[in-house]
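*Asks:* Here's the feature list from TrEMBL:
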type: SIGNAL; residues: C:1-34; note: signal peptide
type: DOMAIN; residues: C:47-103; note: domain '4Fe-4S Mo/W bis-MGD-type'
type: BINDING; residues: C:Cys54, C:Cys57, C:Cys61, C:Cys89; note: [4Fe-4S] cluster binding site
type: BINDING; residues: C:Lys91, C:Gln151, C:Asn176, C:Cys180, C:262-264, C:Met364, C:Gln368, C:Asn473, C:498-499, C:Lys521, C:Asp548, C:665-674, C:Asn749, C:Lys766; note: Mo-bis(molybdopterin guanine dinucleotide) binding site
type: BINDING; residues: C:Phe741; note: substrate binding site
Amino acid sequence: MPIKSYLAHPEEGQKKALMEALSKIDHCDVIPAENKDLLIVVTDTDNKTDDEKVKESIEAIESLKLLAMVSGFNTPKNK
Amino acid sequence: MKKRLGIISLFVILFIAFITIWNYSYQLGLEEAYIPIEDHSNIYAIPSESGVFKRSEHALDYSNMPIDENHQRSLTTYYKNRAYHGAPPSIPHPVEEHQNMGGQSCLKCHENGGFTEKFKAYAPVTPHPELVNCKQCHVEQNTKTLFTSGHYASVEAPKAGVNNALLGSPPMIPHQIQLRENCLSCHAGPSAPKEIRVTHPERVNCRQCHVPNNKEMAAVGTFKRVSNEE
Amino acid sequence: MQNSLTSRRNFLKKMAAAAAMTAAASMFPGIIFASEQDANLPKGANLDWKKGPCRFCGVGCGILVGVDKGKAVAVKGDPNCSVNKGLLCVKGYHQIMCTQAKDRLTHALVKKNGRYVQTPINEALDIVANKMKETIEKHGKDSVAMYTSGQSTIPEGYVASKLMKGAIGTNNLDCNARLCMASAVAGFLTTFGADEPMGCYEDIEHADYFITWGNNMAEMHPVLFSRMLEQKNRRGAKIIDFATRTTRSSTASNKSILFEPQTDLAVANAICYEIINNGWVNKSFVENHVNFSKGLTNMGYGLEDKFKFSDKPTKIDFESYKKFLEDYTPEKVAKYSKVSVKDIKYLAAIYGDPNKKVVSYWCMGMNQHTRGTWINNLVYNIHLLTGKISQPGNGPFSLTGQPSACGTAREVGTFTHKLPKGVVTNEKHRRLAAKIWNVPYERIPSKPTYHATEMFRAVDRGDIKFIWTQVTNPLVSLPKTSRYRPGMEKESCFVVVSDVFPTPTSDVADVILPASWHIEKSGLYGNSERRTQHWNQMVEGPGETTPDAWMTIEVARRMGYGDLFPYSEENHVEEIYKEYTQFHEGAKHGMAPLEVLKKESGAIWPYVNGKSTQWRFNAKYDPACDNGKDFHFYGKPDGKAVIWQRPYEPAPEVPDAEYPFWLNTGRVIEHWHTGSMTRRIPVLHKAVPEAYVEFHPDDAKRLGIRNGENIKVSSRRGSCILPASINQRGLPTKGQVFVPFFDENMLINDVTLDAFCPISKEPDYKKCAVKVEKA
């Protein structure tokens, strides 16, 4: 059950578009910065395959310039 | 014969001296203990500033630390370990080194805390690591029975969550802070009782928003103008 | 099981987000995520949250006041305000509680036969207007005076200035900001020709070093200090505390350096000596943007009535400035400043390192100084020599103590020599004011009259026969109240006091007018970083309480100046602000329009083309720079800032055999200024119920003084009895005692000295000689 966080840098002037595109994707939370062109993306999926799918769909967004992963967690299955 | 008489009279003199001195000190002991008490109508203490920022270098670590819900203390267990709130806590675990005063052997775990497998708990962090004669105030509990029972007063301990003056305003400090000037040692990290663990240890300048409420020292009341004629 | 699993997942998600925020903060200092702050706010209560600035200090935090059924019940920091980002201090969180105090002034009180009689507000305003008119007719325009405040809102200051200077035609208007900011103003005007800091609070996120000059920011500007601490912990920025007393700020700093009172002048010069001697001067900056000047010395201390001084600047060259500094080698200065040679060189090396960004902060330590203008100049010298100015993270920053000392006192100009734009001595400025006010130009007098201290001396002498104080409590805050209290009690002067609570000043009033508190009226403030902030009325005030601006307008109308004050009661704040902003039009001081201020948590002037200007005089950020160079100090005609040659001169009164201690006065975090508001807030009163006198433990031991024991502190002017405090809140240096001045029941200002800086006329509350004895 991977949980990952990323910093998403939008293309110049496209922060709003990126924000909208990201919020349409499932298993994906967005926290925009108030005063800088930067968004925080947290993904929370059930398995590795879903995780990769989500990452692919994020990277496919046109208004995204750069996606950098910050941290990743995996919740243990048997807890 | 003369020698024997001399010895006997010496002992008699010593005996009389002993009786006199003993009597005198007994009489003194009967006098009531006297402590000069100055009339201070306005005793209140502004807490010392020493130690306010002492553990602030760990504040960021504290705020990044995950909360281990299975091994946290609660305010009840915290108070249980003290005769009354504010009293030095007793040592709730066996101590192996009996000869020393505490010092390094206590500080190993209690200076910075951390998880101890043996006790399945996080070691509480002392707010005053500079006082190394630990066993001066903190003692073991080696029996559960009492010598004689007594009418020990129960002092009501401050409660968490009821100390703010306004909705959502930062709570006042409901306890005295002598020897506990360093807030983060008890209010941050995995050993902090869950009810009083601060959500924002990274703020460090605690007394910017949380000020002492001196009601435990002396009821201060509200502000009154001296020049008011009423 | 399921439950704990989701909570664990939620927790991990939060952790992941937090990690990303930390990473983002290291890339973009000052980044704000509103949703993070919102999570910590109280939930549950169904409150209506209204935006405004905090009532207290000059930091100007954004607050949100929770209103429930027309009553203010909660306060939180505004997460969208870039000043405080959701954080406040203990005063801010509890501010609304003072309005509930039992002794709130709810109706006008008029003194009749020695007793105060409750009077309808309209009648009271009639009495004030008639008395003012009558006094002018009998004794002339200069026999009436108004004394206002750095806590007056912009409209309140504006109508006071318009009434006194435009309608009546007297310069008898000054304000309590004279007691706190005048030296900063004089410093800015002499060095840059333009008032107020060039930088902004965002400097905190960029600087490598913070050097605080005689400034206990942890208690006085706590929210800014918390921003500094955050940078210290996250980024390793360093805080150096340079002071005469060990305080909470010293404890939190990387290094604390103590100096002997008044020798900051010498140390600042020694730092400049070191910078020049080590070749750390930014040569191209100095060549392009700096002039050198010297002024008069041995200026005196303003101790005598009707003291006059005007400086005569003379241009000098770099070489003679360098020669002058030879008297200030670290070795020479160390001898009397008690700062070690090593520490002086350490400070100089920080300023001198071209790769380190340095911000200097100061407030009352440098301003309340008999050489306040000089020490302000001297710190600017350091920044100008090294070119560390007007850039993100580099610059001198003069902090303010009152919420609108900048916005009202300095920008509207409620000083005797000021007009909303410029000064009364300048004909162009008088003509502009006359035009906007629609009054004959001749009516505005060209000569300044009384500054604060001299104004109360004039009351004592009987020269002023009518005085109206608003939003201030001079009989606690003036120096040497032992003279000015009996002065105000004299029959010769009619005293009108507008306030929210009874104070020692209202105790001597002939008429007391009940003022609306902060959120019971609409208004505008301006904070230390040139940020203008607006708020709308949030709750109704009790009884007949009335906004100060409206009371001034009502009195003006009753005096026959109705045509100059055509404002409406409902909307006067907006109407006045619109009229006022005409004064500042243009790229150098343009003010943000009301529509913007209503939407945002304040905007920084110069507000040009819809944008705040964060760093003035730097062509990269400031559209008013037009000399084609990278910097333009456009306040001066030649576009260059001035490095002033200013010597060390001793304080007017120094400890001697009879009065062996320095007396320093100041504040504590819990109380604000004269305590008329904060002492009526139970949380704050319980934390610090009364004033005290702090001793160095060695002095206390030598004199056999114990904690809590009553001590009589006396000077040549008066005395005051307070409990001793040893090793508690602060630690004065040996041979010095410290007393906070908030306590009207223990008036330490009966003891202080009314000496002032001859240039700025700001008194020095930090240094006089006292003796102490057990009471």
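For all residues, glycine too, the Cβ spot is worked out from N, Cα and C.
Give me the structural setting of these features: burial, nearby parts and distances.
*Replies:* Just so you know, the Cβ of C:Cys61 ([4Fe-4S] cluster binding site) picks up 26 other Cβ atoms within 10 Å once every protein chain is counted.
In the three-state DSSP scheme, C:Gln368 (Mo-bis(molybdopterin guanine dinucleotide) binding site) falls into the coil class. Around the Cβ of C:Gln368 (Mo-bis(molybdopterin guanine dinucleotide) binding site), the number of neighbouring Cβ atoms within 10 Å comes to 28.
In the structure as shown, the Cβ atom of C:Phe741 (substrate binding site) sits within 10 Å of 23 other Cβ atoms.
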*Asks:* Give the number of CB atoms, excluding that of C:His671 (Mo-bis(molybdopterin guanine dinucleotide) binding site) itself, located within 10 Å of its CB.
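*Replies:* Counting Cβ neighbours of C:His671 (Mo-bis(molybdopterin guanine dinucleotide) binding site) within 10 Å gives 25.
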*Asks:* Including all protein chains shown, what's the count of other C-beta atoms within 10 A of the C-beta of C:Lys91 (Mo-bis(molybdopterin guanine dinucleotide) binding site)?
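*Replies:* There are 25 of them.
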*Asks:* Starting from the [4Fe-4S] cluster site formed by C:Cys54, C:Cys57, C:Cys61, C:Cys89, give every other residue of that chain whose CB sits within 8 Å of the mean position of their CB atoms, in sequence order.
*Replies:* C:Phe56, C:Val59, C:Gly60, C:Ile63, C:Asn84, C:Leu88, C:Lys91, C:Gly92, C:Pro222, C:Val223
*Asks:* Roughly how many Å lie between the Cα atoms of C:Cys61 ([4Fe-4S] cluster binding site) and C:Arg667 (Mo-bis(molybdopterin guanine dinucleotide) binding site), rounded to a whole value?
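*Replies:* About 19 Å separates the two Cα atoms.
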*Asks:* Can you check which residue among the binding-site residues C:Gln262, C:Asn749 has the largest number of Cβ atoms within 10 Å of its own?
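*Replies:* It comes out as C:Asn749.
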*Asks:* For C:Cys89 ([4Fe-4S] cluster binding site), name the DSSP secondary structure in the helix/strand/coil scheme.
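*Replies:* Where C:Cys89 ([4Fe-4S] cluster binding site) sits, the three-state DSSP reduction gives coil.
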*Asks:* Using DSSP, break the domain '4Fe-4S Mo/W bis-MGD-type' (C:47-103) down into helix, strand and coil residues and give each count.
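*Replies:* Summed by class, the stretch gives 11 helix, 20 strand, 26 coil.
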*Asks:* Name, in order along the sequence, the binding-site residues among C:Cys89, C:Lys91, C:Arg667, C:Phe741, C:Asn749 with a Cβ closer than 8 Å to any chain B Cβ.
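*Replies:* Going by the Cβ criterion (under 8 Å to chain B), the qualifying binding-site residues are C:Cys89.
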*Asks:* Using C:Asn749 (Mo-bis(molybdopterin guanine dinucleotide) binding site) as the reference point, find which of the binding-site residues C:Cys54, C:Cys57, C:Cys89, C:Phe741 has the shortest Cα-to-Cα distance to it.
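*Replies:* Comparing Cα positions, the candidate nearest C:Asn749 (Mo-bis(molybdopterin guanine dinucleotide) binding site) turns out to be C:Phe741.
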*Asks:* Nearest of the binding-site residues to C:Gln368 (Mo-bis(molybdopterin guanine dinucleotide) binding site) by CA-CA distance, picking from C:Cys54, C:Cys57, C:Cys89, C:Phe741?
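*Replies:* Nearest listed residue in space: C:Phe741.
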*Asks:* If one measures from the C-alpha of C:Lys521 (Mo-bis(molybdopterin guanine dinucleotide) binding site) to the C-alpha of C:Cys54 ([4Fe-4S] cluster binding site), what distance in angstrom results, rounded to a whole number?
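*Replies:* A Cα-Cα distance of 14 Å.
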